[in-house]
Each structure stands twice: as C-alpha cells, then as structure tokens.
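What follows is a set of notes on a single structure, which appears directly below.
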Amino acid sequence: MGDARIREASVDHTARHKQAAEAELGGCGILGVGIWLAVTQGNFATLSSSFPSLSAANLLIVTGTFVMIIGFVGCIGAIKENKCLLLSFFIMLLIIFLLELTVVILFFVYTDKIDKYAQRDLKKGLHLYGTDGNIGLTNAWSIIQTDFRCCGVSNYTDWFEVYNTTRVPDSCCLEFSENCGLHSPGTWWKAPCYETVKIWLQENLLAVGIFGLCTALVQILGLTFAMTMYCQVVKADTYCA
C-alpha cells in the first residue's frame, strides 16, 4: 500500500515537473520567434503611432520572457519541492490569468470607444508611412492593403491628407506597378482596411475563441497543479515536524 502511494506521488511529481518544463520551453520558443521577427522583419506590424513599441516582435519577446521565467520558477519549485517557489509560481499564473480576464471584459464593455480610438490612432499613424525609422509601420500597411485588398483606414481618401494630393501608396492599386498610386481612383482598392480586417477577425472568431479557451484551460490546470503540489509539500512538512 505504501509503495503504491510512493509510486503515485512520484508520477504526480513528474507530471507537474514536466508541465513546468514544457512551459519554460514554450517561453523559449516564443522568445526565439520574437527575436527573429525583430531582426529580420523590422518590427513588422507596428501600426500604432501612440504605441510605437507595440509590435508583433516586441509582444512575442515580452510574452516569451514572462512565460520562460514563470516556467523556470515552476520547474525549480517542482524539483526542489520548495513552498516559496511553488506559491510564487501559483501567484504569477493567477495574476496573468486575472489580467487576461480583465482585458477581455474591458474590451467587450468598451468596444465602441476602442473602435473610435483605434481608427483615430491608425489615421494618425498613416502620416509616418514611408518615413525614416518607420519601416515596420510601412511594411505592415503595405502587406495589409495588398493582402486584404483595401486602402486606408476608413477610406482611400485617408491617404490624401498624408500626401496632400490625390495619391495613395502603390499597395492600394488593383494591379501593382511603380507609381500606380498616382493614377485615377478607379485603379485603387475601395474597401476600408479597418472594417475589412475587422470582418475577417469576426469570420475567424471561432478559431480565436478556441485558442483563448485552450490557453485559459492550460493556465487553470497550471494553477490547480501548483496549488495541489504546494498543499502536499505543506502537509509533508507538517507530518515530518
């Protein structure tokens, strides 16, 4: 009976150790992708003029670093059966989970205000298109307009204020050619990029929802395992005392 309990505890300990190690490796992977994007893609997807550091590369680097640190704490805590590290692992996971939940709730509550602010900020960012030091924003707009077959934030006329003339970037053209943005509006995409991307996201909402639920489930399991192991260590210390 005693041997069975020891084996069960060993398997349970190994499972939690493995989960923490996988989290650390996942963090390393995310960090690696973020660094690769930063080096090779010029901070691609930097669309905001108010938050120039809010790029895909920087988000991945920050996320990967946090995940790696949390995974490391959990891994060491599981190996050493250290109450302090296990509790720290639990608290950090809980804080991240609550922050994510808060962001989701605020997003749905203030959707209209976020829409207006985002469009205003994106239009402001158009004025940085093609300027020195803004290769990320320039690349992002070029790719979005080409792939989504759209032009401007709310209308192709958004670019008129940027160029102070009837002109759009060449990525707005139905058929790309050098300086095609100087031609007549009949040769440009008419769809607004903001609404086009928003509709695309809504059409793929199921995939986004599934990803979010899977992420939440993994975090809840991590919280459960961390607290369970913490309680087991506390009980073991009390029994030994």
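For all residues, glycine too, the Cβ spot is worked out from N, Cα and C.
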**Asked** Which candidate, C172, C173, does TrEMBL give as the disulfide partner of C151?
**Response** C172
**Complete:** Cβ-Cβ distance under 8 Å, sequence separation of 6 or more, same chain as C151 (disulfide bond); the residues meeting this, in order, are Q145, W159, V168, C172, W188, W189, K190, A191, P192, C193
